[in-house]
Amino acid sequence: MSPQTETKASVGFKAGVKEYKLTYYTPEYETKDTDILAAFRVTPQPGVPPEEAGAAVAAESSTGTWTAVWTDGLTSLDRYKGRCYHIEPVPGEENQYIAYVAYPLDLFEEGSVTNMFTSIVGNVFGFKALRALRLEDLRVPPAYIKTFQGPPHGIQVERDKLNKYGRPLLGCTIKPKLGLSAKNYGRAVYECLRGGLDFTKDDENVNSQPFMRWRDRFCFCAEALFKAQAETGEIKGHYLNATAGTCEEMIKRAVFARELGVPIVMHDYLTGGFTANTSLAHYCRDNGLLLHIHRAMHAVIDRQKNHGMHFRVLAKGLRMSGGDHIHAGTVVGKLEGERDITLGFVDLLRDDFIEKDRSRGIYFTQDWVSLPGVIPVASGGIHVWHMPALTEIFGDDSVLQFGGGTLGHPWGNAPGAVANRVALEACVKARNEGRDLAAEGNEIIREASKWSPELAAACEVWKEIRFNFEAMDKLDKEKDL
């Protein structure tokens with residue numbers, strides 16, 4: 001923004017426009033332990049210096065506006081303003097920079113992810129001086145983390161509730177996602193659960209449509225999982241989607257699920273909103289319900305490399321808002337996810353303390369100060385041949401969710417579930433014996449299929465299926481000349 005002649009007002013106020021960098025670019029600033037730190041990928045318009053672009057981001061996401069205002073004199077800008085304290089060029093990209101911004105903690109309401117994102121990723125993303133802007137990462141200080149409840153229960157409490165240890169959990173999204181009657185839907189749930197799955201799932205699209213109202217679905221699914229529990233002796237769950245058009249209706253559905261005695265409900269946290277999600281998470285903790293989170297709409301926000309917000313930031317926001325599971329990509333399936341980047345935000349979901357590691361896209365060290373962890377869910381285009389890779393990549397604290405990879409079995413839902421359970425148990429056994437899942441995965445599956453006709457049939461159906469597309473979300477590297 002070009003400087004403009006300042007006009008001196010009669011009370012000593014200097015009106016006019018001045019460059020943002022004069023106030024908001026402070027390379028000498030030493031960050032505080034209580035600051036929220038943000039790493040923005042900034043693409044300035046031609047002719048806009050990177051320092052001015054970074055300062056504009058700091059200003060417009062904190063105390064600044066396009067012109068000086070006389071009310072600036074009524075507060076302490078030095079106390080409340082955001083500061084761009086460091087800028088570095090992005091390797092391999094022309095006119096693209098990482099701008100680091102520090103925000104004083106007093107700018108944010110305690111316990112409100114909604115308020116945090118309203119400030120940091122608000123109007124600044126439409127700022128004309130920038131061609132594009134992407135929030136790559138946040139460092140949320142312990143002082144702010146401690147104002148959040150976080151996940152309703154967390155990983156260890158969920159395992160204790162389910163009495164399941166030492167392996168990933170298995171799930172399945174019921175298909176077709178739309179169009180089934182409630183009774184037929186419940187039948188599909190029962191077949192999958194009795195075949196050996198731990199969970200089945202409402203699709204994110206399923207709320208309360210004319211072909212299947214929510215109350216009918218809840219009742220038939222509860223009947224299905226209780227019947228499967230009685231037959232198998234294992235605790236079962238179905239993610240009943242409580243997402244609704246109002247927060248009041250959402251809570252009403254969660255209350256009904258609790259009255260049915262089911263263990264888990266579900267929410268679409270981005271389309272539903274962080275305020276609704278946090279309210280539901282609080283209800284779930286108070287009433288003993290696990291909370292599964294779907295990330296529908298995330299790719300609208302995080303898919304583009306130079307604009308929007310990286311999923312690792314959305315994942316941090318979810319852990320603060322509250323959820324016991326969240327979909328996190330597969331690395332090997334049909335949906336977006338490069339291995340190093342995916343494992344970076346998987347660790348941010350599960351672990352208590354994560355060191356800065358730019359090789360995995362982690363810009364800041366993050367201390368969660370004992371906030372419960374979130375189980376990542378691998379879902380989308382996966383089948384039995386992927387089981388060794390998924391077990392090796394995600395480890396035990398994960399949910400491996402096979403929708404078409406269960407319901408597409410040539411013999412039906414229950415045999416599809418059997419095939420997945422046998423494949424998983426074979427991979428866990430092989431891993432515990434010291435075998436290399438990455439190198440011997442196909443052999444492990446073939447060996448297991450000799451003793452399971454259901455697995456053998458699944459192996460035959462999906463032996464040629466591949467999703468060989470290059471990931472859009474990749475680490476920054478110098479380009480070859």
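Including glycine, each Cβ sits where the backbone N, Cα and C put it.
Pulled from Swiss-Prot, these are the features on record:
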type	residues	note
ACT_SITE	LYS175	active site, proton acceptor
ACT_SITE	HIS294	active site, proton acceptor
BINDING	ASN123, THR173, LYS177, ARG295, HIS327, SER379	substrate binding site
BINDING	LYS201, ASP203, GLU204	Mg(2+) binding site
MOD_RES	PRO3	N-acetylproline
MOD_RES	LYS14	N6,N6,N6-trimethyllysine
MOD_RES	LYS201	N6-carboxylysine
SITE	LYS334	site 'Transition state stabilizer'
Euclidean distance between Cα atoms of GLU204 (Mg(2+) binding site) and LYS177 (substrate binding site), Å:
8
Out of LYS177, LYS201, HIS294, ARG295, HIS327, which of the recorded positions is least crowded by other Cβ atoms within 10 Å?
LYS177
HIS294 (active site, proton acceptor): which of the recorded positions LYS14, ASN123, THR173, LYS175 have a C-alpha within 10 angstroms of it?
none
So which recorded positions out of LYS14, ASP203, GLU204 end up within 10 angstroms of ARG295 (substrate binding site), measuring C-alpha to C-alpha?
GLU204
Any further residue of that chain within 8 Å (Cβ to the Cβ centroid of LYS201, ASP203, GLU204) of the recorded Mg(2+) site:
THR173, ILE174, LYS177, ASP202, ASN205, VAL206, TYR239, ASN241, MET266, HIS294
DSSP three-state assignment (helix, strand or coil) for ARG295 (substrate binding site):
coil
Want to know which recorded positions, from LYS14, LYS201, ASP203, are within 10 Å of THR173 (substrate binding site) at Cα; which are they?
LYS201, ASP203
Please tell me which one of the binding-site residues listed here (LYS201, ASP203, HIS327) sits closest to the residue listed as 'N6,N6,N6-trimethyllysine', measuring Cα to Cα?
HIS327
So, three-state DSSP: helix, strand or coil for ASN123 (substrate binding site)?
helix
Whole-number Å value for how far ASN123 (substrate binding site) lies from ASP203 (Mg(2+) binding site) (Cα to Cα):
32
LYS201 (Mg(2+) binding site) to HIS327 (substrate binding site): how many Å between their Cα atoms?
12
Fewest-neighbour residue among recorded positions, criterion Cβ within 10 Å, set LYS14, LYS175:
LYS14
What count of other C-beta atoms do you get within 10 angstroms of the C-beta of SER379 (substrate binding site), across all chains shown?
24
Cβ neighbours within the same chain of ASN123 (substrate binding site) - under 8 Å, at least six residues apart:
GLU60
Roughly how wide, in whole Å, is the group ASN123, THR173, LYS177, ARG295, HIS327, SER379 that binds substrate, by largest Cα to Cα distance?
37
Looking only at ASP203, GLU204, which of these binding-site residues has the biggest number of Cβ atoms within 10 Å around its Cβ?
GLU204
